[in-house]
Amino acid sequence: MNNVKELIDSGILKTNKIHYNLPVEELIKIAVEKEGGVIAKNGALCINTGKYTGRSPEDRFIVDEPSVHDHINWNKGNKGISAQVFDNLFNKAMAHVKDKELFVFEGFVGSDLDYRMPIRVINEFAYQNLFASQMFIKPKAGERENFDPEFTVLALPDLKADPAVDGTNSEVFIILNFAQKIVLIGGTRYSGEIKKSIFTVMNYLLPFKDVLPMHCSANIGEDGNVALFFGLSGTGKTTLSADNNRKLIGDDEHGWTANGVFNFEGGCYAKCINLTEEQEPQIWNAIKHGAILENIVIDENTGHIDYDDDRYTENTRAAYPVEYIDDAVLEGKGGIPNTIIFLTADATGVLPPIAKLTKEQAMYHFMSGYTSKLAGTERGIVEPTATFSTCFGGPFMLLKPQTYAKLLGEKIEKYNTRVFLVNTGWTGGPYGIGSRMKLKYTRSMVRAAIKGELDQVEYIKDPIFNLSIPTTCPEVPVEVLEPSKTWDNQDEYDQKANELAKSFVENFKKFDDVSDDIKNVNPKVQ
C-alpha cells in the first residue's frame, strides 16, 4: 500500500466536513444533538458506549512487518496480523468515511519536549474527539502550523469488521501499524481504546531511547519528592495519587528519563463506580462541564447521577483535563522518583497491606505484575480473577518484560529509590469472606512510605513470600499489618497463601533469561 499518511492527507482530510481542534463547547453541542449525549446536573457530558464498555484485548493486533518483528514479544496479547489484512481494512475505512463529517484533534503525547510525539486523532464521533482533546496534550499557539503527526489514530466505531472476510477476531478491531505509523480502530465506541493504543505505541518506542515507559500515576510533595504508583485498572492508582497534600503529575502513563518523570497525557481517565465526594473529592470536583462520563446511570429529567448503579458496567469512567484537578502539576513533569508503590488488589487476602522490597524483589514483582482482575474493566470479567500482567500493564507492553524490568532495576539502583508492595485488596479472608482493605488505612501506609516514616521501623519476614512487613505504621492498627493474624482460621490462610505462592512460581517459569538473584525471589511453597 502507498503511504497511509499521504492517503489520509490527500483523501480523508480533503473533504469539506472536517473539523480541526473544535472548541469543547462545540463538540459537546454536537454530541448532545447528534450522538445521544446528555448533560448531567454537574455539567458533565454523559455518553453510553453501547455493548462495548471496556477494552477488547482479544481484538488488538500489531502488523507483523520487518521493522518490528524481532523486537515485539509476540504472545496471545501481542498478536500479529498481516499487512494485507490491515490494507484491506484501511481501504474499507477510506470508503466508510467518504462524505462523512469528521473531527480531528492535533496535539501531543508526552509533556517532556525531548520525548513528546505529535499525534493526530480522527473521529467520526464528536464525543470521542472531545475525549482525545481532553486526554492528550493540547497544542499551544503556533504549534499547529506545519503540523506533522508522527502517529495517527483513525477511530471509526460504526465501521464493523466481518471476521470471516477481514481476518479479525470479531467485529471489533484495534490494529497498530508501526511501519505506516497509524492505529486503526473499528467496531467499538469505548474511548479507552484510543488512549491505550497511543500508550502502547509510546511503550514500544521509548525504551530504544533509554526511557522507561510506565503504567503508573505520579505525584509530588511540597519538598519536591516524587512518588510513582503502579497498578492495573481498579487497584487504586488514580485514587491514591489524588492526595490533597501532594500535587498530581498524572494519573496513568509516564516516562522516566535521566532528568525525572513526565506525564504522557494532558488528562485523566478515572473509574467512578461508587464514587463519593467524601472518599475522592479531587475526582468528584473534576467531573464538571467539559468532562465526559461513560456508561453511568443518569436521570434524564433531573440530571442526577447514580454512581453506585452498575447496570451498564462496573467500568464507569470519567475523562477530564488534568487542570480540573486542584493543584495539579500542569507542566506534567517531576524529578527523579524517591518512592515507588506497586499496587495489587489481592483477592485471596494473603498478601500484606504493605511490604518493603529490595531491588531484586522490585524487578520480580514488576515482571510478575500480580493482581486480581476486577469486574468490568474487560469484557467477560464478572468476579475477581487472579492474573499476572507483566510490568503492571502487560497488554500495553510490546517489548520483552525483561527490557522494562532491566531499565527499572538500573534506575532504582542508580537513584536509591525505595519500593513498596501495597495490597489494596482483601484482608481477613478471600473475596466473599474477608473485606476490602480500608482506604483510610491504605492512604496512611502510603503516606508513611513516601515520607520515609517506614525507613526506621522494625520489619518481620513473611515465611512464604519472603516480604518485609513493617511491625508498626502511623495511623494503622498493628493487627492489620500482618495478614495471617486477620484470618479466623490459620489453616485456611496457609492453604490460600500456598496456592498463591504456587501461582507466582508457575507464572515466573515463562521468564527464562533472568538472573538467579531475581529467580530466587520466588515464594517458598510449604
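Heads up, the Cβ atoms here are built off N, Cα and C, so glycines get one too.
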Among ARG120, ARG311, ARG317, ARG418, Swiss-Prot assigns to the substrate site of ARG55, TYR190, LYS196 just ARG317
Binding-site annotation, Swiss-Prot, ATP: partner of LYS196, HIS215, GLY231, LEU232, SER233, GLY234, THR235, GLY236, LYS237, THR238, THR239, GLU280, ARG317 in THR442, THR471, THR472, THR486 | THR442
Between ARG55 (substrate binding site) and HIS215 (Mn(2+) binding site), the C-alpha gap once rounded to whole angstrom | 16
Within 10 Å of LYS237 (ATP binding site) (Cα basis), scanning binding-site residues TYR190, LYS196, ASP252, ARG317, I find ASP252
For substrate: widest Cα to Cα gap among ARG55, TYR190, LYS196, ARG317 in Å | 14
Those same-chain residues, other than ARG55, TYR190, LYS196, ARG317, found with Cβ within 8 Å of the centroid of the substrate-site Cβ atoms are GLY54, SER191, GLY192, GLU193, LYS195, TYR269, ASN315
Starting from the Cβ of LYS196 (substrate binding site), draw a 10 Å sphere and report how many other Cβ atoms land inside it.
-> 24
Quick tally, other C-beta within 10 angstroms, TYR190, SER233, THR235; top of the binding-site residues is TYR190
Restricting to the same chain and to sequence separations of six or more, state which residues have a Cβ under 8 Å from that of HIS215 (Mn(2+) binding site).
-> PHE199, PHE230, GLY231, LEU232, ASP252, GLU253, CYS391, PHE392, GLY393, PHE396, MET397
Roughly how many Å separate the Cα of ARG317 (substrate binding site) from that of SER233 (ATP binding site), to the nearest whole number?
-> 11
